[in-house]
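Chemist: Have a look at this one.
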Amino acid sequence: MNLQGKQVTVHDMTLRDGMHPKRHLMTLDQMKSIACGLDAAGVPLIEVTHGDGLGGSSVNYGFPAHTDEEYLGAVIPLMKQAKVSALLIPGIGTVEHLLMAKDLGVGTIRVATHCTEADVSEQHITKSRALGLDTVGFLMMAHMASPEKLVSQALLMQGYGANCIYVTDSAGYMLPDDVKARLGAVRAALKPETELGFHGHHNMAMGVANSIAAIEAGANRIDAAAAGLGAGAGNTPMEVFIAVCARMGIETGVDVFKIQDVAEDLVVPIMDHIIRIDRDSLTLGYAGVYSSFLLFAKRASVKYGVPARDILVELGRRGMVGGQEDMIEDTAMTMARERGLTLAAA
């Protein structure tokens, strides 16, 4: 397909999904420096919250270095052209969090649910739209639902007021044909004025290819992260995606070389570990496991002596989804007992 002249809005994930590999401990200075770099590179939309969205600070998901309010309050006043978004997962984030984000200047709210549970988003999507915000319905772990099921869920979110729907490959499981089938079906069912987005993970090295497949299927918003900083093997690496788009004539408005510099000079130096496709993150994609489970599985592996890869395969077999982080340790403990391993002292 000739995509020459196609316009795409690139949405940065470095400061939200990138909080997962940073264990949500990014400093305000790091956040501000990277956000300003992204802004100067021409990235139009930047997401800023705890990795699990507004209100994510908890025993279950991890305590951040600063509150969402502090992160948003530090970044938003510095932006010259970029707008700032916030993720909200019903059951974690509340309407009060949404109102706080709006008051601080957030212009886009992305309401995320598991791909078969769009009905729990009604309150938050309706409120966001009533406040005049750019309102996105975000269907996570989309590989677990058929194209037909995704269509029904997307239509619910559109009906609640979402002006954009995202099909989200949270596990980095999908291949380009999977992406085309799902986004193509959703695009055909939505109103022409409702936008369509894609969020990928690079666990099978498909982030860029899947994002291009999404554009071919009608998506006009694409998530990516500088240096791929995100859960698992990271999100679609933005600097690579932007270069590919430039080669194909897809218009993003992002400077090819400036975004490379942000990735190389600002993001890579703050990584606690190099974001790459190792055996555990590859297993996430292969087994269809939620990408942010990676560090939880690695910690459980150290504690119980069960290889992280084995834990991840079992989580995939059980069909675990986002929000069941507390079950990872339980799974590892059960596997250790079944293998006759001595459990570490509490």
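Our numbering is plain: 1 for the first residue shown, then up by one each step along the chain.
Placed from the backbone N, Cα and C atoms, the Cβ positions cover glycine too.
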Chemist: Which one, ASP12, ASP17, is listed by Swiss-Prot in the same Mn(2+) site as HIS199, HIS201?
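Modeler: Within the candidate list, Swiss-Prot flags ASP17.
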Chemist: ARG16, ASP17, SER170, HIS199 bind substrate in Swiss-Prot, but which of TYR290, TYR304 does that record place at the same site?
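Modeler: That substrate site, as Swiss-Prot gives it, pairs ARG16, ASP17, SER170, HIS199 with TYR290.
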Chemist: Do you know offhand how many angstrom separate ASP17 (substrate binding site) and HIS201 (Mn(2+) binding site) by C-alpha?
Modeler: 10
Chemist: Taking each of the recorded positions ARG16, HIS20, HIS199, HIS201 in turn and counting other Cβ atoms within 10 Å of its Cβ, which one has the fewest?
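Modeler: The recorded positions ARG16, HIS20, HIS199, HIS201 were compared, and HIS20 has the fewest Cβ atoms within 10 Å.
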Chemist: Where does HIS199 (substrate binding site) sit by DSSP, helix, strand or coil?
Modeler: strand
Chemist: Neighbours of the substrate site ARG16, ASP17, SER170, HIS199, TYR290: Cβ within 8 Å of the Cβ centroid, same chain, sequence order.
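Modeler: The surrounding set, listed in chain order, is MET13, HIS20, MET140, THR168, HIS201, ASP223, GLY230, ALA231, ASN235, SER291, SER292.
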Chemist: What's the CA-CA gap between TYR290 (substrate binding site) and HIS201 (Mn(2+) binding site) in angstrom, rounded?
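Modeler: Taking the Cα atoms only, TYR290 (substrate binding site) lies 10 Å from HIS201 (Mn(2+) binding site).
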Chemist: Note the Cβ centroid of ASP17, HIS199, HIS201, the recorded Mn(2+) site, then list each other residue of that chain whose Cβ lies within 8 Å of it, in sequence.
Modeler: MET13, THR168, ASP169, SER170, GLY172, GLY200, ASP223, ALA225, GLY230, ALA231, ASN235, THR236, SER291
Chemist: Between SER170 (substrate binding site) and HIS201 (Mn(2+) binding site), what C-alpha distance do you get in Å?
Modeler: 6
